[in-house]
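Okay, so here's the structure we're looking at.
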Amino acid sequence: MATLLRSKLSNVATSVSNKSQAKMSGMFARMGFQAATDEEAVGFAHCDDLDMEHRQGLQMDILKSEGGEEGAESPLEGDIHYQRDGTGPLPPSASKEAGVCSELSGQGKPKITAWEAGWNVTNAIQGMFVLGLPYAILHGGYLGLFLIIFAAVVCCYTGKILIACLYEENEDGEIVRVRDSYVDIANACCAPRFPTLGGRVVNVAQIIELVMTCILYVVVSGNLMYNSFPNLPVSQKSWSIIATAVLLPCAFLKNLKAVSKFSLLCTLAHFVINILVIAYCLSRARDWAWDKVKFYIDVKKFPISIGIIVFSYTSQIFLPSLEGNMQNPKEFHCMMNWTHIAACILKGLFALVAYLTWADETKEVITDNLPSTIRAVVNIFLVAKALLSYPLPFFAAVEVLERSLFQDGNRAFFPNCYGGDGRLKSWGLTLRCALVVFTLLMAIYVPHFALLMGLTGSLTGAGLCFLLPSLFHLKLLWRKLLWHHVFFDVAIFVIGGICSVSGFIHSLEGLIEAFRTNAED
């Protein structure tokens, strides 16, 4: 009898432990998604609330059904760490379970529909950075419109082939998911000689894009406030400092639950603002300057426009987690098609009618062209949206930096920034504050929305959306690819490389010139 009892307790403890490990692996896979750019974390932050409630209920069911046997591990440890509720990082040994396939972790958590997945993609590619697209038409004309369509097609395709890299054929000929994130794909391509090199490259690109996104939010906040109240004795730099003072509490963030709800409302408000801008432009349709839209391009500034357009489509970094959380992953391709078609139509329409309305007077942020009577109201809503959206990329960048530099077990470059009680150490908080101040300094010395957006799109946007997906697709699946897939991948890699290099060089030259001008002033 005693032997049977011990056997039963052992089986129960093993079962609970396995469930805990599966959920912990899901947490790590989700952390790869959390490092995404700009607004794509909005919908998923809400999903995290549902996820936590579901898992807490699941834990109670396990305790009730199994009698709360001693020795069972808590299945919520990983989730608490993920939500940053003050319990501190996972022990180094927990990171070894991170490679467990995400299907195991997906058995006990709520899935999202194709429509919900499409909403997250739409948040990523229809954010407030579309305000810079009319400026791209100013320097590209009809070629700029073609580039908006071309970028939509290419980003849709590369998103699909990136997901294809997550799957492989097993011994039974079945297609199974063997990878969980962009980092896993990159590491698989560099194995066995450099098994972690690819992941580090992706993480660096990810951090650059996230930090640059934060800088852009500060720049656009200062720009909008300065142009909304030009009669006030406050410069654009001063407005940026005020915006950063408001954002400084981001360094104390433990989770994004409250912020994500406000950001979701601001995202809806932004769609309303876009409609208002288009409505105003349509009201001036009789004065549209069709003769200003030409095939001529500004050779020096058009490469910057390429970066602006590419940056407005970046979503690849979080697609693996998105697809892994869908109820029916087979609907992923269809979801990508209609979201990018809708984005292409809306962006093209918005950019064209805005440029036709103001022609050569089109500014870097199109709302600055609105009449003063409505400009202040629209810009204040946009500033509120920018300030409430800032914590999302900031928190994601902090997560990646902490995980890579301070919490990577024996491979960490620096001591753990969390104490034994799970609280953030004072020097860790200082580093977070320093990151906020860094975004302010960049916004002050280079207060050029279009140049920064073009530089980011040319450097990390083109790399994460064009170059790396096509390269990884060729490396991992080249034996099974049809000739036209190989042709598309090579063409995208070559064209993306040329656009990336040219856009980066011209954007960097413009930033250096602007930096020198501001330093002299």
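In case you wondered, yes, glycine gets a Cβ from its N, Cα and C as well.
Annotated in TrEMBL:
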DOMAIN    111-507  domain 'Amino acid transporter transmembrane'
REGION    67-90  region 'Disordered'
TRANSMEM  143-167  transmembrane segment
TRANSMEM  207-226  transmembrane segment
TRANSMEM  262-282  transmembrane segment
TRANSMEM  302-322  transmembrane segment
TRANSMEM  334-356  transmembrane segment
TRANSMEM  376-401  transmembrane segment
TRANSMEM  429-446  transmembrane segment
TRANSMEM  452-474  transmembrane segment
TRANSMEM  486-505  transmembrane segment
> Thinking of Cβ pairs under 8 Å, which stretch from 143-167, 376-401, 429-446, 452-474 has the most of them with the transmembrane segment (302-322)?
Replying inline: 452-474
> Per the 3+ Cβ pairs under 8 Å rule, pairs at least 6 apart in sequence, do the transmembrane segment (143-167) and the transmembrane segment (376-401) touch?
Replying inline: no
>> If we skip the immediate neighbours and take only residues 6+ beyond the ends of the transmembrane segment (334-356), which ones have a Cβ under 8 Å from one of its Cβ atoms?
In response: 114, 117-118, 121-122, 125-126, 130, 133-134, 136-138, 144-145, 148-149, 152-153, 155-156, 159-160, 274, 277-278, 281-282, 288-290, 292-293, 312-313, 362, 366, 369
>> Considering only Cβ pairs within less than 8 angstroms, which of the stretches 376-401, 452-474, 486-505 has the most against the transmembrane segment (429-446)?
In response: 376-401
> Is the transmembrane segment (376-401) close to the transmembrane segment (452-474), in the sense of at least 3 CB pairs under 8 angstroms with a sequence gap of 6 or more?
Replying inline: no
